[in-house]
Amino acid sequence: MRLAPTTVLLWAWGSLQAFEIVEKENIFQRTPCPAFLVFDNTAYLADMSFELPCHCKPEDVSAVVWYYQKYLGSSHTTVLTDFDGRLLTEAAHVRVGSSMLARFSIRMFSLLVFRAQPEDSGLYFCGTRNGDYFYAYDVDIQSHKGMVASFRDKGQEPLPDEYYGSLHVFTTFWEWTPCDRCGVRGEQWRFGLCYLQNPNLSPRYIKTLPDVVSCGSRAVPWKLHLKTKYHTPELLIQSCLVSCKKNKMGEGILAIYNYVSKLGGRPWVPQVPIQFHQQRLGHGLIISCPGARPEHAVAWDKDSQPLYRTQYLKGVNRSMRVFIDHGNHLHIRFTQLSDRGIYYCWRQGLKIAGFRLGVTSRGRYPASLSDPETRTAVELTLIGYLLIAVVFVTIHLCRCCCQSRCCPNFSAQTLLQL
């Protein structure tokens, strides 16, 4: 009978030893660093956030430093490090247009860049404080300006491939997003980024397919890059219809609702949180969906009217006053009284938020340089004064030149009097 406790004890001790072995196992021991530094090519769309893992490092290195170069061999190298304690935990903390030094974070040896811009394209190195590099990336951030949208419901197809001798330029599409709405007709889409195939690419760049890299890769020679600059990213859109998942209302809210209903009044219970905003008549407004990213399936409704991308996507009509940009933001230019209402936001097929917009034509609002309209008015006023000053000085200079030619005895004192 004493063998049973001994057996259990030995089994437990063996399990602890096995657990200790697994605990000490290091992922970097299974991934040796390359003897010759190469660059892993990757591409993203502007305003996206991306992560670059440091796939290998020596076992004795406890912390990594990320470096950035615009071009290989550049004399200017940016050091990306969080040794000063500056960490960005959420992309919501990052403002649009801020410097990359305010949009990155290092977590578990990986570099995270939020809301990437085309200026962030370049080479990223994972290394140490002493400048020893272990792993490197060739990152291509493609701008969504000039993005071509194709609507399958209208029979439109993506852009055809382009051939220039041995150069093959084409579009590589991401996976389809989920349907942006449920219970009603919705839309889904997928982004397409520019890629090329050519046998004369640098062997230092790792390619997913043989001789294939993104169009903005540093492996592409300048002559080939000029031929690809007109092949912009694409957006393919099609209709979809999915059913909604049943969402059970909380027991507490349901009890209050039933109690008030028995008293004779049925209260209005909003399906999603609603935020109120009051806007001045004639001014612009941009509404963002909470927690949404450019790669998410985001939809907008005004009250019960869906705002489909086939009609409201930016670029469909140049004279559009209300449109949705490629970053899933809703723009209202020159707000009118008819814009009053509740604007609902869908994210990944779920309605998550509402914005009640009120438009007022009365009241005085203090001018602020943070207001785009105020900045535009100040800039136009300064430009007007500058033009008037230039014209004034030009007229007087011409007058002085004419008088000096016609009257040789025209003295400098007379010029000063003018």
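Glycine is no exception: its Cβ is also placed from the backbone N, Cα and C atoms.
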Q.
What does Swiss-Prot give as the disulfide partner of Cys345, choosing from Cys289, Cys400, Cys401?
A. Cys289
Q: Over the span of the domain 'Ig-like V-type' (267-361), count residues by DSSP class, listing helix, strand and coil in order.
A: 7 helix, 43 strand, 45 coil
Q: Could you measure between Cys289 (disulfide bond) and Asn317 (N-linked glycosylation site) for me? Cα positions, answer in whole angstrom.
A: 23
(Q) Measuring Cα to Cα, how many Å separate Asn317 (N-linked glycosylation site) from Cys345 (disulfide bond)? (A) 22
(Q) Averaging the per-residue pLDDT over the topological domain 'Cytoplasmic' (398-418), what integer do you get? (A) 65
